[in-house]
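Annotated features in Swiss-Prot:
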ACT_SITE  CYS116  active site, proton donor
BINDING   LYS22, ASN23  phosphoenolpyruvate binding site
BINDING   ARG92, ARG121, PRO122, ILE123, ASP124, LEU125, ASP305, LEU327  UDP-N-acetyl-alpha-D-glucosamine binding site
MOD_RES   CYS116  2-(S-cysteinyl)pyruvic acid O-phosphothioketal
Amino acid sequence: MTYLEIEGTNHLSGNVTISGAKNAALPLIVSSILAKNEVKINNVPNVADIKTLISLLENLGAKVNFQNNSALLNTNTLNQTIAKYDIVRKMRASILTLGPLLARFGHCEVSLPGGCAIGQRPIDLHLLALEKMGANIQIKQGYVVASGNLKGNEILFDKITVTGSENIIMAAALAKGKTKLLNVAKEPEVVQLCEVLKDAGLEIKGIGTDELEIYGTDGELLEFKEFSVIPDRIEAGTYLCAGAITNSKITLDKVNATHLSAVLAKLHQMGFETLIAEDSITLLPAKEIKPVEIMTSEYPGFPTDMQAQFMALALKANGTSIIDERLFENRFMHVSELLRMGADIKLNGHIATIVGGKELNAADVMATDLRASSALILAALAAKGTSKVHRIYHLDRGYENLEEKFKGLGAKITRLEE
């Protein structure tokens, strides 16, 4: 098993280039199932989740060439509609293949998903929507078995669901007639999926709002154009927090500041200033790091995927911070590990109270999921001594070239084998 050794209390400086968004690239790669032509996608991050999805598509018969952050996908060779457990169990985003496979072939079997261990994240909203479009759905031996010719309908999502929205948008693309989706997720990753499908010839109205109208092609495949994945706002937020927790001046390149409004607002409340250019953000050190109150919510609110990183940052604040996690249960699994480093954090249900300003000490800690693991790295950067972060395969699922990027900023971080 590999682990990271991190020497704390060093200042950071310099520039870091932000990768393409994993959570945008996943549905965009899957959307190639809807294509009649070979699809070229640029700025694809080279992370474990992407490789898992590519192996799933190859398992279904697609031809994929992935190198230098570009993916060339040909799904004309698809000859299989069963997404097997062996691959799907590694990553819950595999469920995204359900809508497009069903829409294209009229039947598919997709194993129930795995991935991060953060709460239930049920797929019932996906299944209810597909049933409303005429699908016959059964759960058999751990697989979603779906069949039927999809027809447009009006669908109201009971809760905002990002993967649910993406799945049904792709299903509606090849369905017969108009689909109206209400209470759709507005995340930038969902918006890019819609824009790419529109550029591929799909008639779609309301992009960027919570109401979409999609005029399905009745099985006719789409003609995709070459495109690039948007920058990863969560990776960007993580590096901003790294600069903040070490109270350093750093610059992020190839980033979209408009996708980070909620994160930047909280950094400003904590006393940090930022300089925003067209595709860069510079974080300036704070005279005093102030406590903050955060409540997670759907975009454009504060992202749940940045909650753990801000909890680490709040440990350096002069006072008591509150984090209210509204989206997922089990999203405080990093707390017990932060306590090992001397953190003062109290949990009451979905609310965490963080008393900042106490010295953090290096420790051996264990990553439990993707974002929690980044919080441990941030805490290690601020702790006195040398920490070891174990089970970093969680990090490799979502952060590209993590230690190289941190080393480029001056962090003392090494990947080692146990």
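Each residue's number is its place along the chain shown, starting with 1.
Including glycine, each Cβ sits where the backbone N, Cα and C put it.
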LYS22 (phosphoenolpyruvate binding site) versus ARG92 (UDP-N-acetyl-alpha-D-glucosamine binding site) - Cα distance in angstrom:
13
Which of LYS22, ARG92, the listed binding-site residues, has fewest other Cβ atoms within 10 Å:
ARG92
How big is the Cα-to-Cα gap, in Å, between LEU125 (UDP-N-acetyl-alpha-D-glucosamine binding site) and LYS22 (phosphoenolpyruvate binding site)?
22
Measure from the CA atom of LEU327 (UDP-N-acetyl-alpha-D-glucosamine binding site) to the CA atom of LYS22 (phosphoenolpyruvate binding site) and give the result in Å, rounded to a whole number.
20
ILE123 (UDP-N-acetyl-alpha-D-glucosamine binding site) to ASN23 (phosphoenolpyruvate binding site): how many Å between their Cα atoms?
17
